[in-house]
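Listed in Swiss-Prot for this protein:
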type: BINDING; residues: 81, 84-85, 89, 91-94, 109-117, 121; note: 5-phospho-alpha-D-ribose 1-diphosphate binding site
type: BINDING; residues: 81, 112; note: anthranilate 1 binding site
type: BINDING; residues: 93, 227; note: Mg(2+) 1 binding site
type: BINDING; residues: 167; note: anthranilate 2 binding site
type: BINDING; residues: 226, 227; note: Mg(2+) 2 binding site
């Protein structure tokens, strides 16, 4: 197996790494064997040249091997974004997760604190009263009893502590911004992943295919959102039955109206928590509609809906019946017990 120095030398020439070489390099970094200089050199060389599907696949395989796993039902789904889109939007995937859970599909939500906004999934859930820093068996209990559990990334990826300081010092996006959403500790086979750039939509779908995902949508809004947007089209790469299909979707085809970007602007964790609760309480808003649209796509990925329109109808029922709000109440109770 190539040593780290020779791998860094190879990347420095612009040559791609094999999946095995990438896995070897990331194992060195995450096990603490690599020096900060070596980590910085490799991460920036990959970033400047552009990471390949094989390199990301190798890196994710190491991250998955080192994570602390959570037991979840085989049909569990995740709705997750890379963050880093710079939009400062409301917490779309978190709200959509409660809608999906309210529709009877188990959700194993993976997330972290804010990356570029003022409120990430962990921030808003903590503001709502959910205990986020749980052990894997406690998260599994949440999924079983509340129909939804939250896996706080730092608690499930302890090996990341070895690369954390280097990432902070680099202060720029690296391959690790792509790895987290692909490394769900519950090992979900069905997920919706939002990405910060259109260039990653199809490659990340290919990575998920390489790693054995059953069904997935990788999405990027035309306005830059790492979610399905309500302001215009969204680019999608869908993994279905071992094949990847690319297409665009619009809110109109799901029976929803367009909004401007101001309608999706968020605030800090406290403000976003109030906004999320108001959606679960049934109040109409662009936030409700964008959460419904993302939930609808997740319901399609989960096999619960055949189309976005049907997914929106199921999502509306989850909200209007109080089921989605009930899932949040249950998660607060179970996570704190």
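Every residue, even glycine, has its Cβ placed from backbone N, Cα and C.
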In terms of DSSP three-state secondary structure, what is the assignment for residue 93 (5-phospho-alpha-D-ribose 1-diphosphate binding site)?
helix
Closest of 81, 93, 167, 226, 227 to residue 112 (anthranilate 1 binding site), Cα positions, binding-site residues only:
81
Using residue 226 (Mg(2+) 2 binding site) as the reference point, find which of the binding-site residues 81, 89, 93, 110 has the shortest Cα-to-Cα distance to it.
81
I'm trying to understand the geometry here, so how far is the Cα atom of residue 81 (5-phospho-alpha-D-ribose 1-diphosphate binding site) from the Cα atom of residue 227 (Mg(2+) 1 binding site), in Å to the nearest whole number?
7
On the three-state reduction of DSSP, what should I expect for residue 113 (5-phospho-alpha-D-ribose 1-diphosphate binding site)?
coil
Counting other Cβ atoms within 10 Å, pick out the least crowded of the binding-site residues 89, 93, 112.
112
Taking each of 93, 110, 113, 167 in turn, which of these binding-site residues have a Cα lying within 10 angstroms of the Cα of residue 227 (Mg(2+) 1 binding site)?
93
In whole Å, note down how far the CA of residue 89 (5-phospho-alpha-D-ribose 1-diphosphate binding site) lies from the CA of the residue listed as 'anthranilate 2 binding site'.
24
Would you find the one among the binding-site residues 110, 113 whose Cβ has the most company, meaning other Cβ atoms within 10 Å?
110
